[in-house]
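Have a look at the structure below before the remarks.
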Amino acid sequence: MGMGKLRIGGAWSGVLEVEMDEWTVAMLREEVANRSDCGGPHCINLISAGRVLKDGDGTEKLSRLGIRNNAKILASKVSADQDGKSVKDEFLAEEERSKKLSRLKAAATSLASRHADGSLPVEDFNLELENQSGEKVQLGSETDQRAIMMGLMLHANAKALLRRQQYRDALEVLTMGEEAFSLCDPKLIEMVDNVSILQIDMVWCYFMLRDITWLSVAGVRLAKAREGIERAHGKESTRLRILQGGRYPELALHLRMELLEGVVAYHSGQLQKSKDALISAQAKYFQLQVPDEALSLLMSMGYKEREAKRALRMNNLDVGSAVDFLVEEKLKAAQKREENLQRQKEILEQKQYGRTPLRKAVDLQKLKELVSIGFEKDLAAEALRRNENDTEKALDDLTNPETNSALQNEVISRKRKRLRKSTASAIENLVSMGFDRASVDSALRTFGSEEEALNYLLGQPNANAVEQANPSAVLPNTHGTDGLGAEDNIGSDPDSSSAGPSTQDDTLERDVEMEDQLTDGLQNADAYSDYDIEVTKEGEAIIEYLAMLSSAENVDKVSSPQ
C-alpha cells in the first residue's frame, strides 16, 4: 500500500504521513502521544471506525487492520488515575458495586410489586402512575403497572447518578430500567415517551464514558428514541405543545439527541450528516441560553436561579409565560402536598382495619358507600375486609344477624388489642424516662393518655402519690387476657395474612436504604423532570465536534489533488 495519510482528531489534531505496511498500532500510538504531550503511549486510546485499536503482539501492521489512506483516527486521553488502584482494590470495589446494584434491583422489584397490586402499603405513601397533567392513570394489567413502576423508579435513580456524573453506574441502572419496561405491553409503551428518554440517557452515558465500542448500538438506540418521541409527542411536537399549553419543555431533550446523532454520524464517517445534526443542536443550544436581564427580573421577584432558568427555558425565554409557569407549579406543588397528607391519613386508617385475606387494603370508597346507607364504620370495614372488598357479600354479612354479631365481636376484640398495645407502648416510653413502673401504671389508669400521665408525673415530688388519686381506675392488661371474657380472643391474629391491623413489624423483608433511594427520586420529580437538562456539557461537546469536523474538512482539502 505504501505511504498514506491518517487524519487524527481529539487529543491531537492533524495529518500524519505513515508507511501503512510498516507502521503498527503501537508506533502510531507513540507518535500521537509525543505530539500531544500527554505523558506517554499508555495515556492514549486510538479509535477507528468504531473500533478501539489494540497493540496486540506489536507486529500487526496498520494495513492488515483495514486502515486505509485518509482514514480518520480519534485519539482520546486516558485518565491518569485509572492505573492508580491495585488489582485487589479494583476487584473489591467492583464486587461492592455489583452487590449494591443487585440490592437496588431487588428493592425496585419489591416496591413495584407492593404498590401495583393494591396491597396495603408498608409505608405511609402510595406509588401511583400519573400523566403529564398530574392526573392518576391506570395503565394496562397489574403486570403492566408493576413493570412501568419498576422502570420509572430505576430511571429516576439513574438520573440522580447522572447528575453526580457516575455514568458507569447510571448505565447499569438504565439497563435494568430498560429490562423492566420490556415486560410491559408494547402498545402501552408506545403511548408514553419514558422509554425513548431512557434510550437517550443510555447513549449519553456511552458518550460521557467516551466508549466508542457502543457506536453501532448507540445508532440503533437513537433511531428508536427519535421514532418513539415523535409517536408520543406528535410530528414536530404538536401533540406535546397542545398538552403543555404552548410550552417548549422538550427543547433540551432534542438538543441532546441531535448532538448524540451528530457524534455517531461523525464516528461512522458520515460527515455531512454529522454536521447537519450538530448545527441543529447548536441552534437549540443558543435558543436555551437565558438572557441575564430576564433571569435577573425573575430572581428579583423572589425566585431562585435554578427555578427561574428552568421556567424561562420551558417557555421559550418569554418572561410573562415563565412567571405564569412558576405560579402554576407552586399551586400544583401545594395541591400535591395536600393530596399526599390526605393519602397518609387514609393509609393510617386502612392499617387500623387490617388486610383482606389476599393482603389488600380495605377500599375506602366502598366503605364510604356503606357508611352512607347507615352502617357503623368499623363494622362495615370489617365486613369489606372479610369479603375481599366485595360490597354485595359485605352487605349480606351486615344484614345477617348471626354474621353481624361475629363482625361486632371481631371489631371489639381488635379495639381491645389496639388499646393494650398502645398502653404497653406508653408504659415503656414513660419507664424509659426514669419513672418507676408502678407509678406509671397508676398514672395511666388515672389519666388515660400518655401526655396527661407524663404531665402529672413531672409535677409530683413523689410519683407514687398518684395511686391515691384514683385507686379504682382500670388499666387494660398488657399481658394475655384482661378478664373481659372469651370474646376478646375472637378473630385472626392481627399479623396474619387474613386479618387484623397492619403493623410495621410485618414479616416482609425490606431493604429500606435502597427503597428510600428509589422513592426519593420519584417523590422529588414532576411532569417536567425528564426535560429539565442543564445543557452546559452539551454545548461544550458541540464545539468540540464541530472543530473536529472543520479539521477533517481542511484535511480533505489538503489531501485532494490540485
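Cβ coordinates are placed from backbone N, Cα and C, and glycine is handled just like the others.
From a predicted model like this one, the values you see are computed outputs, not experimental measurements.
As annotated by TrEMBL, domain 'UBA' applies to 289-329 (among others). Residues 246-249, 251-252, 526, 528, 531-532 of the same chain lie 6+ residues outside the domain 'UBA' (289-329) yet bring a C-beta within less than 8 angstroms of a C-beta in it.
As annotated by TrEMBL, domain 'UBA' applies to 361-401 (among others). Per-class residue totals from DSSP over the domain 'UBA' (361-401), listed helix then strand then coil: 29 helix, 0 strand, 12 coil.
Counted with DSSP, the domain 'UBA' (418-460) comes out as 35 helix, 0 strand, 8 coil. Per TrEMBL, the feature domain 'UBA' maps to 418-460 (among others).
Summarising the annotation, TrEMBL assigns region 'Disordered' to 472-527.
If you look up TrEMBL, you'll see 491-502 marked as compositional bias 'Low complexity'.
The compositional bias 'Acidic residues' annotation in TrEMBL covers 506-518.
Under DSSP, the residues of the domain 'UBA' (289-329) split into helix, strand and coil as follows: 30 helix, 0 strand, 11 coil. Predicted-model confidence for the domain 'UBA' (418-460) is 81, expressed as mean pLDDT.
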